[in-house]
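Student: Sequence annotations record features per position, and here TrEMBL assigns active site to His451. Residues or ranges marked as compositional bias 'Basic and acidic residues' in TrEMBL: 1-28. As annotated by TrEMBL, region 'Disordered' applies to 1-49. Annotated transmembrane segment per TrEMBL: 136-157, 177-198, 210-233, 318-341, 353-376, 427-446, 453-473, 493-510, in sequence order.
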Amino acid sequence: MEPRAAHLWRREGLGGKKEDRPSREGEPHFGNAECPGGVAGNNETHRGPDLLQWTRHMQAVKTQLLEQAQGQLTELLDQAMCEAIQAYLPQDRPVPSIPPDSLCKTREPSLGKRKVFINRKSLLDELMEVQHFRTIYHMFVAGLCVFIISTLAIDFIDEGRLMLEFDLLIFSFGQLPLALVTWVPMFLSTLLLPYQVLRLWARPQSRVAWTLGVGLGCMLLAGHTAVLSILPIHVAVEYQLPPASRCVLVFEQVRLLMKSYSFLRETVPGTLRARGGEGIRAPSFSSYLYFLFCPTLIYRETYPRTPNVRWNYVAKNFAQALGCVLYACFILGRLCVPVFANMSREPFSTRALVLSIMHATLPGIFMLLLIFFAFLHCWLNAFAEMLRFGDRMFYRDWWNSTSFSNYYRTWNVVVHDWLYSYVYQDGLWLLGGQARGAAMLGVFLVSAVVHEYICCFVLGFFYPVMLLLFLFIGGPLNFMMHDRRTGPAWNVLMWTMLFLGQGIQVSLYCQEWYAQRHCPLPQTTFWGLVTPRSWSCHT
């Protein structure tokens, strides 16, 4: 690091003694390392642009040196911890829950970094401490107030009364008790079966008995997968659940499946390696129960914890999440329903389609921001606070992304960690560590299929808009707009693509929603179910 630093200083023509000589009159003077780049003296104001460029360069050099030093220090500390723990553990009695060879390296089928949990706040909580950023938050709250005022005004003009109607909200959350009752067997299946299978496989026994135990465990896991896969779909279709109630079921279905896989993926390899030794023990049931509720999809037996629970913080986040739900209902009711409710009754035209997409960009981006704030910030932080879960990095600064690859990594860190650990890294291991492009393509394919499945489940029809956008637009953009693309123009381009993508989704899904109701199928057929109704419904 020292030769590189010296090179950077010499490259700009600075000697080691230049800062020791007193500054002459009219020369710029740097008071400290955080100098804002001001220039003193009127007789050399022409040097201002050069000084500003030089100051920015030195700030970049400082950042680069600090990052390099931090990376080297992290590697040294990890290596020291690894050697100390390996020296402490007895070699003849490995601890099965934490194998010695997994302390210094990642798991065997893994070629990348292992997720490390530390105590840290969510980024928005840190930004909210800045008054300028709180003002942006206040602007969104003012927007909600404007929607409420406009609703009251329109109702007063049309009906002669002041009353807020929540018909859309009541419809969306209809039959919610049935969805919650359906969740109970889903959760019990996840709570009991994967943990019992692990205990069965960790039990010391003869080879024949252990083989039978493996078969029984696989049958239990198959039953667990069947309960999570079939039960919510059956209830949603049989009882025609509305969208929000379906959201509860499908998000819990996907979440419990991902958590089950992570628990088995993190514990079974070490248990099988240590099965022949003494002192075999499965992870504690309390750690598994905690994992099922804490806001992460990566299993660890312990997590960093906060000292206490701030119940006012919990209440604030739940209230903000509820406010976001109301905000979304107002946006749909005021900006989407009047535009798309009767669109399927009109003859199709390219002009109408393009105008509907452009009209849907604003409500679409609002819905994206509300989903992010309500779920990834408010909901997850509320549960993290109640469970004293220390690592609150559920997202990063995705809004500053200049590439789609960075956006995908920072938008939803919780899901990204799961995909990176169990799809990308394990895919690299299976492919020999060379086919990084194929492993990345596998991540996109899994993510696209799951997103499309969620949309299909919630809306009640198959219209692969999300799938096509993921595979044919998001995938190529991930490779074309990579991390080497920097600068404000790339950030503007990314936001432009987000606006257009959200407009396409909101427009096409809204049109299909109303077409499904205006033009029901006279006879249920497979092709009738998978063919978009909005293509032919013009009554």
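Heads up, the Cβ atoms here are built off N, Cα and C, so glycines get one too.
All TrEMBL annotations are machine predictions without curation.
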Student: When a 10 Å sphere is centred on the Cβ of the residue listed as 'active site', how many other Cβ atoms does it contain?
Tutor: 15
Student: When only pairs 6 or more apart in sequence are counted, do the transmembrane segment (136-157) and the transmembrane segment (427-446) reach 3 or more Cβ pairs under 8 Å?
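Tutor: Contact between the transmembrane segment (136-157) and the transmembrane segment (427-446): absent.
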Student: Counting CB pairs under 8 Å, which listed stretch among 177-198, 318-341, 453-473 touches the transmembrane segment (427-446) the most?
Tutor: 453-473
Student: Do any residues of this chain, six or more beyond the ends of the transmembrane segment (453-473), have a C-beta under 8 angstroms from a C-beta of it, and if so which?
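Tutor: Same-chain residues near the transmembrane segment (453-473) but 6 or more away: 232-233, 236, 240, 243, 246-247, 249-251, 254, 444-445, 447, 497, 501, 504-505, 508-509, 512-513, 516, 529-530, 532-533.
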